[in-house]
Amino acid sequence: MSKQFDVVVIGGGPGGYIAAIRAAQLGFNTACIDEWKNDKGGPAPGGTCTNVGCIPSKALLQSSEHFEHAGHGFADHGIAMNDLKIDIAKMVGRKDTVVKQNNDGILYLFKKNKVTFFHGRGSFVAAKDGGYELKVAGAAEETITAKHVIVATGSNARQLPGAPFDETNILSNDGALRIPAVPKKLGVIGSGVIGLEMGSVWRRLGADVTILEALPAFLGAADESVAKEAAKVFKKQGLNIELGVKISSVENGKDGVAVKYTDAKGAEQTLAVDKLIVSIGRVANTIGLNPEAVGLKLDERGAIVVDDECKTNLPNVWAVGDVVRGPMLAHKAEEEGVAVAERIAGQHGHVNFNTIPWVIYTSPEIAWVGRTEQQLKADGVAYKAGQFPFLANGRARALGDTTGFVKFLADAKTDEILGVHIIGPMASELISEAVVAMEFKASAEDIARICHAHPSLSEATKEAALAVDKRTLNF
Ligand code: FAD
Ligand code: NAI
């Protein structure tokens, strides 16, 4: 007889493994199927995020930032560095260790929470007895049944037509995280989150990086003032970003890659590089899931169709994370996973899409939550803005990192915070205060009246809130 579960989660990325843990906590007999393999063929749960996404990219960002500080930043502190070297193999090895620690951590959490883990590919076989029959194809093949299925199969990098990833010269995020030596010239197509983060890593390590972007505006999703500041800083750092280009062809040769494109002025150009990262977005992944077997509905882009509660068109089949609509972010996937497990238990799981933070882990970091100034204008909302520069923050001066600012946008009448936009040191951490504030529908005045530790970067947040009412104390 096949093994029976209350809940089976297909996919063990942040959406899937978190959903499985929460379902098990709620008392369901739960299994999670994930097919990711480590280099020895063993299980490596954690999905894109853990294996080739959030975690390894942040490990390399940290290493490359240390290198840049040692080369350029330490001198100001009176620390002399002679003969600075970087061992790329060691740096990549450290990143791999960090990844493995996270893989092992998830396997431990499965054990702790009594989640049954299957290493292999999960697919739908048929709807059966009010539930679903699923096949697991791994080292051993087996059939299991589930009353509820949560699909969390994630996403894959989008390929540029005519330029398939070979992960040697033309790299997706996967190859971009394990380039064996610093390329002299690195090309990046797409100035989105991956392009900026991975471009920054390899620039800091010495590569001459050129990013080609199709859109005429830089970082269109960010607040315009943040995007403008970021463009200025990245240019100063030596990141070449060309906007408004149209790629005509990509030739992958023995000596590298030649990218032919039309620039914003309409002139034909060729960019010759040793390696090319293509980071032009990601596509939902349902490869091998066999959704047709049960009639699971996908949209025209291949994403699983879900409603606001992550319900699919099938009873008791749910989908979360990158494989459904909405931002492709690990924390969004996690929140959806928890909410679905709670809904299965008859609770009222909820994800507030208005307070999902965005972070770009460049230097300076960029982070925001809520609406941008241009969105508020487009929505016809009357608002007040307040901004405070890190240049006027004592802790930032002591750190030697005074680039950027915190910006508050608040409702003109009620003072409710509508958006917070940060470019500067530790923006990824500072944004949490804004998320909490917005979740509690706080006003700018609320933040302005809260005691913030001195000296701390968070004082810039308080001052930006004060700036909404034109009463900063330190600027
Ligand atoms: P995934 O993490 O993609 O996991 C899906 C899992 O399902 C995979 O393990 C896959 O092998 C498995 N799977 C698929 N099909 C099957 C099947 N049929 N059977 C069994 N298993 C299957 N987001 C952030 O919030 N912060 C960041 O800093 C960040 N950095 C990123 C950096 C990079 C380079 C990239 C590429 C992405 C980054 N992201 C970041 C995005 C983040 O990784 C994704 O949003 C997140 O991983 C989505 O989680 P998920 O669970 O939906 O899918
Ligand atoms: P992205 O959507 O962030 O950026 C893609 C960029 O490529 C866009 O600016 C787009 O205009 C451009 N583009 C598309 N087609 C093009 C073409 N033919 N020629 C030139 N430019 C083109 O996608 P990216 O960087 O691939 O990342 C995928 C997703 O992964 C992100 O949307 C994000 O959700 C997630 N991610 C999140 C991170 C974080 O939270 N810090 C870090 C990295 C990735």
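Backbone N, Cα and C atoms are what each Cβ position is placed from, and that goes for glycine too.
Worth saying up front: this structure is predicted, and the values here are computed from it rather than measured.
Per TrEMBL, FAD is bound by LYS58, GLY122, THR153, GLY154, SER155, MET328, LEU329, ALA330, HIS331; the candidate from ASP129, ASP322 named for the same site is ASP322. GLU213 is the residue from GLU213, GLU268, GLU292 that TrEMBL records in the NAD(+) site together with GLY190, SER191, GLY192, VAL193, ILE194, GLY195, LEU196, GLU197, GLY281. When the neighbouring Cβ atoms lying within 10 Å are counted for each of the binding-site residues (THR153, SER155), the highest count belongs to THR153. In three-state terms derived from DSSP, HIS454 (active site, proton acceptor) belongs to neither a helical nor a strand segment and is classed as coil. Long-range C-beta contacts of GLY192 (NAD(+) binding site), restricted to its own chain and to partners at least six residues apart, with a cutoff below 8 Å, comprise SER279, ILE280, GLY281. Residues within less than 8 Å, Cβ to Cβ, of LYS58 (FAD binding site) and separated from it by at least 6 positions along the same chain comprise TYR361. When the recorded positions CYS54, THR153, GLY192, LEU196, MET328, HIS454 are checked against ligand 1, CYS54, THR153, MET328 have a Cβ within less than 6 Å of one of its atoms. Residues ILE194, GLU213, MET328, taken from the recorded positions ILE194, LEU196, GLU213, MET328, HIS454, are distinguished by a CB atom under 6 angstroms from ligand 2. Local packing around the Cβ, expressed as the count of other Cβ atoms within 10 angstroms, is greatest for LEU196 among the binding-site residues LEU196, MET328, ALA330. For the binding site of NAD(+), formed by GLY190, SER191, GLY192, VAL193, ILE194, GLY195, LEU196, GLU197, GLU213, GLY281 according to the record, the largest Cα to Cα distance is 14 Å, rounded to a whole number.
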